[in-house]
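Per Swiss-Prot, these features apply:
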| type | residues | note |
| --- | --- | --- |
| ACT_SITE | Asp34 | active site |
| ACT_SITE | Asn82 | active site, proton acceptor |
| BINDING | Asp34, Glu221 | Mg(2+) binding site |
| BINDING | 35-39, Arg47, His51, 79-81, Trp83, Arg85, Arg202, 208-210 | substrate binding site |
Amino acid sequence: MFNKMRKTKEKDVPVTKEEVLRHPMPNHVAIIMDGNGRWAKKRALPRAAGHYEGMQVVRKITRFANELGIQILSLYAFSTENWKRPKSEVDYLMKLPEQFLTTFLPELVAENVKVQVIGHTEALPDHTRRAVEKAVKETSGNTGLVLNFALNYGSRAEIAAAVKQIAKDVERGMLAPEDITEPLISSYLMTSGLADPDLLIRTSGEIRLSNFMLWQLAYTELWFTDVLWPDFTEQHFLEAIAAYQRRDRRFGGVSAR
């Protein structure tokens, strides 16, 4: 089972951009960007070096996803659990959104990319939050790729907050219990207005979801690779999409093939 979700080596010939464009593309690709620390450790470098290289890959994959016509690219950038890391590492991670968005924002604006953020941004340092808010504001009118960053995000907390708000709305008489449906619950989540991911990519060889979009990933195709995030390339992205295109998505029903 897990082998079917992992990166496969069925073809000796690399997948090409032209090949994947001949088939239906996933509208929403989500990525758990894992392995920055291990990448740095293998090279006897500080963990910050891995995070810096990982940021360069974010640029590269964002550009490529836009070229391919992907509609939404969701990136798990910082989880609610990541605060447990050493303070020096957390401080550096909090600088990365500012560095990334300051240098990359003009290109995002020019390329019609819309920046969105999910997560508890109120808990971010002021300088990080200001950079994020500026990017969201300056790209709010863009209509191309939605670049959705999960910052200080945890799916269980997201679901709990949605349930609390629904309970309050029932108590106030704004909702009746029979009004509570799956689409309604989705509308109370941070991802309200975004389609659920079609494809989830996780790098670094780990096979778990790490509290990321647990509700939204119900019928998402999963693709795992041993490649560490700083080593992830456009070719790996194409391989993930090609694997997705070979899947038979049944959504709990029977195969149409």
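Just so it is clear, glycine is given a Cβ too, placed from its N, Cα and C backbone atoms.
From a predicted model like this one, the values you see are computed outputs, not experimental measurements.
Non-local contacts of His51 (substrate binding site) by the CB criterion (under 8 A, 6+ apart in sequence, same chain) comprise Asn36, Gly37, Ala40, Glu89, Tyr92, Leu93, Leu96. Most Cβ neighbours within 10 Å, among the recorded positions Asp34, Glu221: Asp34 holds that distinction in the structure as shown. It is 16 Å from the Cα atom of Trp83 (substrate binding site) to that of Asp34 (active site). Listed recorded positions: Thr80, Asn82; maximum Cβ neighbour count within 10 Å falls on Thr80. A helical conformation is recorded for Gly37 (substrate binding site) in the three-state DSSP classification. Taking the Cα atom of each, Glu221 (Mg(2+) binding site) and Arg202 (substrate binding site) are about 11 angstrom apart.
The binding-site residues examined here are Trp39, Leu209; by Cβ neighbour count within 10 Å, the least packed of them is Leu209. It is 18 Å from the Cα atom of Trp39 (substrate binding site) to that of the residue listed as 'active site, proton acceptor'. Arg202 (substrate binding site) sits 17 Å from the residue listed as 'active site, proton acceptor', counting Cα to Cα. For Trp83 (substrate binding site), the count of additional Cβ atoms within 10 Å of its Cβ stands at 12 [all protein chains shown].
Across the binding-site residues listed here (Gly35, Gly37), the residue whose Cβ sits among the most other Cβ atoms within 10 Å is Gly35. Checking the recorded positions (Asp34, Gly35, Leu209) against Asn82 (active site, proton acceptor) with a 10 Å Cα-Cα cut-off leaves nothing.
Counting every protein chain shown, 25 other Cβ atoms lie within 10 Å of the Cβ of Arg202 (substrate binding site).
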